[in-house]
Amino acid sequence: MNDWSIDDARAGYNVTHWSQGFYGISDHGEVTVSPDPKNPDYKIGLNELAKDMVKAGVALPVLVRFPQILHHRVNSLCQAFDQAIQKYEYQADYLLVYPIKVNQQQTVVEEILASQASKEVPQLGLEAGSKPELMAVLAMAQKASSVIVCNGYKDNEYIRLALIGEKLGHKVYIVLEKLSELKMVLAESKRLGVTPRLGLRARLAFQGKGKWQASGGEKSKFGLSAAQILLVVEQLKQNDMLDSLQLLHFHLGSQIANIRDIRQGVSEAGRFYCELRALGASVNCFDVGGGLAVDYDGTRSQSNNSMNYGLTEYANNIVNVLTDICNEYEQPMPRIISESGRYLTAHHAVLITDVIGTEAYQPEDIQPPAEESPQLLHNMWHSWSELSGRADQRALIEIYHDSQSDLQEAHSLFALGQLSLAERAWAEQANLRVCHEVQGLLSAKNRYHRPIIDELNEKLADKFFVNFSLFQSLPDAWGIDQVFPVLPLSGLDKAPERRAVMLDITCDSDGIVDQYVDGQGIETTLPVPAWSADSPYLIGFFLVGAYQEILGDMHNLFGDTNSAVVRIEDNGVTNIESVLAGDTVADVLRYVNLDAVAFMRTYEELVNLHIAEDERAQILEELQVGLKGYTYLEDFS
């Protein structure tokens, strides 16, 4: 493909659309990051960055964070709502609340809070969904607006801690998820002498579409029905505490792809708000929860991995709908709160790692079968001969299907003992030659050929064995078929000669990335430059900043990866600010209650029993280094 250009690479991997301008491909074919929107010309080459870290002793895989992206996401979201409020003459403000469940890493939370340090009135709060998260936000919320939203199921201790937050100077909204929580709040607030700020989560009838749609709707795990909301209002009235009810919350799901779903959800919740106001409740905050999507595949569509709207449209729709409803009911306009954690964090982190080996099909010449060979092999040779003579287009699919059928029969005959191992191997090679030849002759412009092209791309794809654990670093790719953009970090100035699939290093057949962004769609294989051990390239997994770290598990005892925080200074200099070491072997053993110290004593006993004296020190040192070492592969050259 002599006419290949960088623009082809950018379009082929759809970088321009899913990256939101933070990532790109340079004219030299290397993937870059532009983390500081104030200085868009300042770019970092990810390939060189990774090599510099390796030289400094940071082993791959490494998760690289770009905090300036977090700053930009916070401020762009606040700006979008500020502009919408001005456009529709909305009579209240907007507050962005970060739900730390999305990424609880200290660096992430602190950078999000620091993003508005220069603002006289920060538009930023924190959300907790459990007691550990609440303990964290109680210590951090004063760095922003001191607003804390408490979601999730609660016991008496959770409620006491939330009320203590009020004593510490925070504005803590305790959102009722169940009717029984109200009784606990009333009792604990009386005991502590604290007037609570109450919220309630409404269980909407409307249910948005998407992977997380069970978060909404009448069968939702969370929230109060209309009847239960009326009971809350009545009990608060009886206790002369109706003015404590200050916040209405609802949640459609974590990734709402269709803007119409958002409008419909806000419309229904807006009616709840106005009805509560009419009943005498002092509700002044309208919490739309999460739902602001991330366009993982860059298609700007209604697919589960995308979104059919932009940030401005999102803010405009919420503000517009709520303005109209409040005007219709002649109710005051409430402060708008959103909990847009996925939007804030997804783009800021990239996992970079190396390929430890590849397995690729290379066409081999095949000789005709011996005359006494089973007729099946002669049939397969005939199919191959037809292709060698350049069969017409109509015959290609028939020849391909015949070859697949013959291969299945060959496997059956081998299992019955009617085909030797050598004959089976010949049949498999003949089938691969047919597949390879057919692949080169089919045309994507022919709609009848497209399904076969997809099959062959998958069948003949190279296998890249990549130094990472899918279950640790991309758990949503395994658990819910989430798509994450994957790119070689260099060599993109040349046309991709191969297609590949990425396999992790766990001992699990599920450890494979089976969906890839390819142009304006999703494919089961990834176009890649030709691989060479003499000039290898690194692989980047993008948009992994939301949920992946905390959801990741230790399958095969592969632990947390190394991580680094990287920033571009005002003078354009790249600064690796901090490096956090990943788990050692001893660390992950400790997680499952295995004692590395006791293991070392056992090793010493075994070494003294079985190893010659002149080798003992070397063997013990190797074992000790193994316990202190990285859980990922470091020595495979």
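Don't overthink the numbers, they just go from 1 along the chain as shown.
Keep in mind that glycine also has a Cβ here, set from the backbone N, Cα and C atoms.
Now, the feature entries from Swiss-Prot:
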MOD_RES   Lys101  N6-(pyridoxal phosphate)lysine
BINDING   Phe286, Asp287, Val288, Gly289, Gly290, Gly291, Leu292, Ala293, Val294, Asp295, Tyr296  substrate binding site
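Overlay of Swiss-Prot feature records on the structure.
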residue : record                         : DSSP (3 states)
Lys101  : N6-(pyridoxal phosphate)lysine : helix
Phe286  : substrate binding site         : strand
Leu292  : substrate binding site         : strand
Exercise for the section: Round to a whole number and give the Cα-to-Cα distance in Å for the pair Val288 (substrate binding site) and Lys101 (N6-(pyridoxal phosphate)lysine). Expected result: 17
Problem - Same-chain residues at least 6 apart in sequence whose Cβ lies under 8 Å from Tyr296 (substrate binding site) - result: Trp18, Asn305, Ser306, Ala346, Gln482, Val483, Phe484, Pro485, Val517, Leu543
Exercise for the section: Would you count the other CB atoms within 10 A of the CB of Gly290 (substrate binding site), including those on all shown protein chains? Expected result: 23
Completion exercise
Listed in sequence order, the residues of the same chain lying six or more positions from Val294 (substrate binding site) whose CB sits under 8 Å from its CB are Gln255, Met307, Arg342, Tyr343, Ala346, His347, Leu543, Ala546
Exercise for the section: Looking only at C-alpha atoms, tell me how far Gly290 (substrate binding site) is from the residue listed as 'N6-(pyridoxal phosphate)lysine', rounded to the nearest Å. Expected result: 12
Exercise for the section: Compute the C-alpha separation of Phe286 (substrate binding site) from the residue listed as 'N6-(pyridoxal phosphate)lysine', stating it in Å without decimals. Expected result: 21
Problem - For Leu292 (substrate binding site), nearby residues of its own chain (Cβ under 8 Å, 6 or more apart in sequence) - result: Leu77, Ile256, Leu311, Tyr314, Ser338, Ser340, Arg342, Tyr343
